[in-house]
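Enquirer: Swiss-Prot feature annotations, pasted as is:
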- 10-204: domain 'tr-type G' (DOMAIN)
- 19-26: region 'G1' (REGION)
- 19-26, 81-85, 136-139: GTP binding site (BINDING)
- Thr26: Mg(2+) binding site (BINDING)
- 60-64: region 'G2' (REGION)
- 81-84: region 'G3' (REGION)
- 136-139: region 'G4' (REGION)
Amino acid sequence: MSKEKFERTKPHVNVGTIGHVDHGKTTLTAAITTVLAKTYGGSARAFDQIDNAPEEKARGITINTSHVEYDTPSRHYAHVDCPGHADYVKNMITGAAQMDGAILVVAATDGPMPQTREHILLGRQVGVPFIIVFLNKCDMVDDEELLELVEMEVRELLSQYDFPGDDTPIIRGSALKALEGEAEWEAKIVELAGYLDSYIPEPERAIDKPFLLPIEDVFSISGRGTVVTGRVERGIVKVGEEVEIVGIKETAKSTCTGVEMFRKLLDEGRAGENVGVLLRGIKREEIERGQVLAKPGSIKPHTKFESEVYILSKDEGGRHTPFFKGYRPQFYFRTTDVTGTIELPEGVEMVMPGDNIQMVVTLIHPIAMDDGLRFAIREGGRTVGAGVVAKVIS
């Protein structure tokens, strides 16, 4: 067995298992780590190590999630698995575990079930870009026609939610038999890993995306001008480049005349760094926290969007009572709260703590946003929900 060493040279990809309860997500997770460790080196994780998922807090929400890692010859994977359905809902909406692709586990003995559909819908809403299907428990189905029927149903379901159902890879396997070391079923796990490598494209790194910095603070420095500070979310800003100030007010243009970090002057600020950016020709009062600095044309301000939202339960410190249409909380984007109104789906009269729900939100000020942006719902500074922009409307 080769010594473990963390290779930074390999692309890093985030994946996870989704699907109906008891269809074998956790068993598959254990089988992947075990078979790939045996095939390519690395460490296996036992089923019970994965099933005892530790509690985590993401935006004040309690989520049980297991994280495992494994390697193929060309990539390093970080993989999340959740014990309960509610954990998946919270995980996907908060983006606590951002997935570059998901493995949808469907038991061949059952076919698609209610949570199968719900997880596909959630995947669509929160922007999981690719889904691969693992048809599990195939050792228990002798009838080839039945397997073909289940495959067809899964493809139709994926297509319903705008995933390419006809082109989605479907691997027929048995996670349990693979875990028990039966060669023909171990081969199916290696086949699945091959599809992870080939079907999920390498994710674009934050530093390669267009520049964006959420503004946290604004200062004026006499004789030099106005400085905004914040952590660069993505991309690079170079001294001398044009930037746009987006959100809350009319979009304005400026030029970056300096970048500093820890009181040192730099030529550029990069994704992940906390920097101050000096702006030419902008007055202190023309710019505020909650706006973003961005590469011109890369992001637009919007006020109305479709969202997928999780409302905290009472135990999580959320509301104790339901809310109704006409509810006007604050929506916290990046660095600031903006009041907004909501429209509930047809036939939904009220939303209870612990529910997840689709809602259309209209903000009183525009905010720089793209599909996939996460936000919190707050009442007087207290978080009562978490959400994601599923689709910008206007």
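The backbone N, Cα and C atoms fix where each Cβ goes, and this holds for glycine too.
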Enquirer: Let's see if you can do this one: DSSP helix, strand and coil counts over the region 'G1' (19-26), in that order.
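Expert: Helix, strand, coil within the region 'G1' (19-26): 2 helix, 1 strand, 5 coil.
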Enquirer: Where Gly19 (GTP binding site) and the residue listed as 'Mg(2+) binding site' are concerned, what is their Cα separation in Å, rounded?
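Expert: One finds 10 Å between the Cα atoms of these residues.
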Enquirer: If you count, for each of the binding-site residues Cys82, Cys138, the other Cβ atoms lying within 10 Å of its Cβ, which residue has the minimum?
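Expert: Lowest Cβ count within 10 Å among the binding-site residues (Cys82, Cys138) is Cys138.
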Enquirer: Just to verify a number: CA distance, His85 (GTP binding site) to Thr26 (Mg(2+) binding site), in angstrom, no decimals.
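Expert: Given the Cα positions, His85 (GTP binding site) is 13 Å from Thr26 (Mg(2+) binding site).
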Enquirer: Please report how many Å separate the Cα atom of Thr26 (Mg(2+) binding site) from that of Cys82 (GTP binding site), as a whole number.
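Expert: About 8 Å separates the two Cα atoms.
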Enquirer: Only counting partners 6 or more residues apart, tell me which same-chain residues put their Cβ under 8 Å from the Cβ of Asp22 (GTP binding site).
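Expert: In sequence order, Ala107 meet the Cβ cut-off.
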Enquirer: Under a three-state reduction of DSSP output, how is Cys138 (GTP binding site) classified: helix, strand, or coil?
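Expert: DSSP assigns Cys138 (GTP binding site) to helix.
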Enquirer: On a simple 10 Å Cβ count over all chains shown, which one of the binding-site residues Lys25, His85 is most densely packed?
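Expert: Per the Cβ count within 10 Å, the most buried is Lys25.
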